[in-house]
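Engineer: For THR20, THR99, the entry in TrEMBL reads active site. The annotation active site, O-isoaspartyl threonine intermediate is assigned in TrEMBL to THR20. Positions annotated as substrate binding site by TrEMBL: SER66, THR99, ASP100. Annotation source TrEMBL lists domain 'L-asparaginase N-terminal' at 11-196. According to TrEMBL, the domain 'Asparaginase/glutaminase C-terminal' annotation covers 220-324.
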Amino acid sequence: MTPSPSDKAKRIVVLGTGGTIAGSSSNAGANLGYTAGTVSVNDLLGGIAAPDGFVLHAEQVAQLDSKDMDAATWCALRERCEYWLNQEDVAGLVITHGTDTVEETAFFLHSTLSSSRPVVLACAMRPSTALMPDGPQNLRDALAVAATPDAAGVTVVCAGEIHGALDVRKDHPYRLKAFSSGDSGPIGYVEESTVRQVRAWPRSEDHDQKALPRPEHWPRVEIVLTHAGVSGALIDLLVQERESGASEPVAGIVLGATGNASLHQALEQAARRAIERGIEVRVAARCNEGQLLPTPEAPFTIMAALSPVKARIALMLELCRGQDR
């Protein structure tokens with residue numbers, strides 16, 4: 001008797017993109033000074049068993065240090081995610097990724113994928129050749145999340161914690177517990193391959209942005225931070241570059257604000273000039289916790305709950321949607 005699709009083992013697809021989790025060093029004692037993105041995703045899975053009732057399928061999408069993440073890789077990764085999420089027997093996805101930009105990739109996928117199934121990004125703070133690498137446990141934990149029946153949305157798993165794509169950010173340069181979700185806290189914890197959920201899974205909205213422009217046609221958005229003694233020179237240069245016919249003119253600027261969206265007056269004046277020249281301006285918080293509270297006198301649109309790097313992605317996608325009209 002041929003088994004029905006429901007009788008077959010569900011698949012968890014593991015997509016590799018490189019990063020420290022796939023890094024290596026000739027010095028086994030080195031936790032730093034390694035080369036990221038040298039070990040294949042198939043090799044990373046060696047010795048890691050699939051959760052009970054599941055089979056694993058691995059695919060190498062990219063092999064890079066995540067500090068060099070770019071739009072082309074994001075588009076390729078999103079395309080493979082969409083393909084696998086449309087397969088009936090796929091329960092969820094795990095993506096191996098570097099820690100430097102994992103919060104950005106997670107937010108990008110959250111903002112562009114429409115699926116109720118889990119997409120879990122796994123990372124590591126030590127290379128695979130370290131005496132005590134953290135990658136294997138993080139990968140095993142990510143598989144446990146992907147296998148959890150009610151898991152959903154885009155998450156990042158590291159050091160036994162599950163963080164939602166909207167809230168996660170890297171807040172330490174080398175500790176194994178390098179990520180937090182600010183005052184929102186983790187979604188849950190992975191304890192001996194069992195998920196203990198403490199708040200709701202992130203749910204992606206139905207995105208009207210089914211097709212993105214080719215990466216080379218993405219609008220350029222830059223981030224400018226306010227700080228003591230800042231001038232408006234950088235913004236003025238971006239405007240000047242745009243008006244001089246640059247091949248990739250700036251289309252948007254995200255201002256990283258102090259306090260509750262406060263900006264140095266020189267930067268605010270330059271941003272107003274940029275808007276007059278057709279550049280979109282948004283404001284995000286430099287603070288690691290909390291969110292900005294809009295006030296009636298706020299001169300620019302505020303991205304209340306987003307960090308500057310996530311606000312940049314949100315503005316890029318907003319401008320992409322504008323290109324489609």
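Cβ atoms here come from the backbone N, Cα and C positions, even for glycine.
Just so you know, TrEMBL annotations are computer predictions that nobody has curated.
Provide an account of the burial state, proximal residues and distances for the features listed.
Structural biologist: Under DSSP, THR20 (active site) is assigned to a helix (H, G or I) in the three-state scheme. Other C-beta atoms found within 10 angstroms of the C-beta of THR20 (active site) number 29, with every protein chain shown included.
For THR99 (active site), applying a Cβ distance below 8 Å and a minimum sequence separation of six or more within one chain yields GLY19, THR20, SER66, CYS123, ALA124, MET125, CYS158, LYS170, ALA178, PHE179.
Per DSSP, the secondary structure of the domain 'Asparaginase/glutaminase C-terminal' (220-324) breaks down as 40 helix, 24 strand, 41 coil.
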Engineer: Averaged over the domain 'L-asparaginase N-terminal' (11-196), what pLDDT does the predicted model reach?
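Structural biologist: Average per-residue pLDDT within the domain 'L-asparaginase N-terminal' (11-196): 97.
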Engineer: Record lists SER66, THR99, ASP100 as binding substrate; longest Cα-Cα distance in Å?
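Structural biologist: Between the outermost Cα atoms of SER66, THR99, ASP100, the distance is 7 Å.
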Engineer: Residues near the substrate site, SER66, THR99, ASP100 excluded, by Cβ within 8 Å of the Cβ center?
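Structural biologist: The surrounding set, listed in chain order, is GLY19, THR20, ALA36, ASP65, LYS67, MET69, HIS97, GLY98, THR101, VAL102, CYS123, LYS170.
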Engineer: Long-range neighbours only, meaning 6 or more apart in sequence with Cβ under 8 Å: which ones does ASP100 (substrate binding site) have?
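Structural biologist: Non-local contacts for ASP100 (substrate binding site): GLY19, ASP65, SER66, LYS67, MET69, LYS170.
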